[in-house]
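Enquirer: Encoded as structure tokens, here's the structure I'll be asking about.
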Amino acid sequence: MSLVACECLPSPGLEPEPCSRARSQAHVYLEQIRNRVALGVPDMTKRDYLVDAATQIRLALERDVSEDYEAAFNHYQNGVDVLLRGIHVDPNKERREAVKLKITKYLRRAEEIFNCHLQRPLSSGASPSAGFSSLRLRPIRTLSSAVEQLRGCRVVGVIEKVQLVQDPATGGTFVVKSLPRCHMVSRERLTIIPHGVPYMTKLLRYFVSEDSIFLHLEHVQGGTLWSHLLSQAHSRHSGLSSGSTQERMKAQLNPHLNLLTPARLPSGHAPGQDRIALEPPRTSPNLLLAGEAPSTRPQREAEGEPTARTSTSGSSDLPKAPGGHLHLQARRAGQNSDAGPPRGLTWVPEGAGPVLGGCGRGMDQSCLSADGAGRGCGRATWSVREEQVKQWAAEMLVALEALHEQGVLCRDLHPGNLLLDQAGHIRLTYFGQWSEVEPQCCGEAVDNLYSAPEVGGISELTEACDWWSFGSLLYELLTGMALSQSHPSGIQAHTQLQLPEWLSRPAASLLTELLQFEPTRRLGMGEGGVSKLKSHPFFSTIQWSKLVG
């Protein structure tokens, strides 16, 4: 297959050269179109050239993310051609300057695509697919859709730093999470779009704009596991002191549906903010390219997956949603819910069987969770049967194993990433990897010991960092106390893990083997790998084949 640059030369007098000289020819072409400002078309209007350029750039972005680099290169060329012809006759000086900046950016990206992805197969004789990343996951890229399809959708809620959106055609709701594109594709970081991961939120579609990748994700309505546990403790405490027998029976019969009372959405939204904001304000208010809209855009994040939580820190600058009720936990940091457990609550577990209980964290302003999954000075109690924790742990393990098999590391798995569906099963928020999205870790996940000690350092991360996070989450579920609370000075190479005496021996053994300071010594690494982790006595009653099925 010949290179696009060989087929689409701008000047009719030039003859195509052999593909062996494709790289030099591409550079010649790019240099030519940089100097073609004088070759304008007199009758081209402002509206025509911006609309035509937007069409070409949108197609280039879609093909770029889908890793169809030859088509992307072609569309970038066409888009730049249109802009160069139009800028010559555009009377608006401010708009001309903005267009020049766009041209520079598109030329830079076209050259990067050629140098990184197109020259290698042609010059080395390799197959055209030889430099394309993540080929085994290419079928999932059929989920890519035109970003304009999002424009008709209505924002009905804001859940932390993602948007709850309604499809006007079906009336169904889904979650939209935006990831900022850095426009510098990493050669080392491949694009990996996981699919078929059990116990993880499903990616339904994704959309590409000039500056962002928008993930269209399944809406898991159960809220976070941590909010469920805290509300259960509160409802049981309330049931002991007040409430009808019928209400207490209902809570016992529906343990997985007894979630926090839906919170009212923020008020004071401005007109026009009930639509998805696809782009930030532009350099020039008159310049709209690639489906851009001059409106406030969602907070952009780099990693994690979304239905009720995200895995990056920072405050949200999302547009406020229309008033109404959101039927899942949507409380922001610093806002209290009537259903939240009171500070200082002490609840004595009752009933037969091994029951685990302890002191957990209360409400606090944290990037991890607004429902108690971050640092907190308040103390709340929950109790969970070890068998139930074992089931949730097995579901988390299966999800992490599948992500690792597809080449994805979570790095900062924390309570905000653990959702609970209406059947009571764990659902991880969505994790993926994009060559154009710079990975970031939640700083508070590191500070609160949810992330492994090596995260944020200079050493290359392995699956071991997720097994630490897995152990940290299990520590909190089993003991009721966060790892950072029981180890306020952190965990070093010679730190002795603090475990309550009442913890079962298999549970204590599992936590000790997972929370090893040295990554290579953690359970799940080295000889035996994940199989050794699955065969640990703590999971002796788990039927793994049925769990995956």
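Cβ coordinates come from backbone N, Cα and C, glycine included.
Annotations per Swiss-Prot:
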- 145-539: domain 'Protein kinase' (DOMAIN)
- Arg151, Gly152, Cys153, Arg154, Val155, Val156, Gly157, Val158, Ile159, Lys177: ATP binding site (BINDING)
- 260-325: region 'Disordered' (REGION)
- 330-349: region 'Disordered' (REGION)
- Asp412: active site, proton acceptor (ACT_SITE)
Enquirer: About how far apart, in whole Å, are the alpha carbons (Cα) of Asp412 (active site, proton acceptor) and Ile159 (ATP binding site)?
Expert: 20
Enquirer: Can you count the other CB atoms that lie within 10 A of the CB of Arg151 (ATP binding site)?
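Expert: Its Cβ shell of radius 10 Å holds 12 other Cβ atoms.
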Enquirer: In this predicted model, what is the average pLDDT of the domain 'Protein kinase' (145-539)?
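Expert: Averaged over the domain 'Protein kinase' (145-539), per-residue pLDDT gives 71.
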Enquirer: What kind of secondary structure is Ile159 (ATP binding site) part of, going by DSSP in three states?
Expert: strand
Enquirer: Between the binding-site residues Cys153, Val155, Ile159, whose Cβ has more other Cβ atoms within 10 Å than any of the rest?
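Expert: Neighbour-count leader: Ile159.
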Enquirer: With a 10 Å radius around each C-beta, find which of these recorded positions (Gly157, Asp412) has the fewest other C-beta atoms nearby.
Expert: Gly157
Enquirer: Using the residues the record lists for ATP (Arg151, Gly152, Cys153, Arg154, Val155, Val156, Gly157, Val158, Ile159, Lys177), what whole-number Å value is the largest Cα to Cα distance?
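Expert: Pairwise Cα check on Arg151, Gly152, Cys153, Arg154, Val155, Val156, Gly157, Val158, Ile159, Lys177 gives a maximum of 20 Å.
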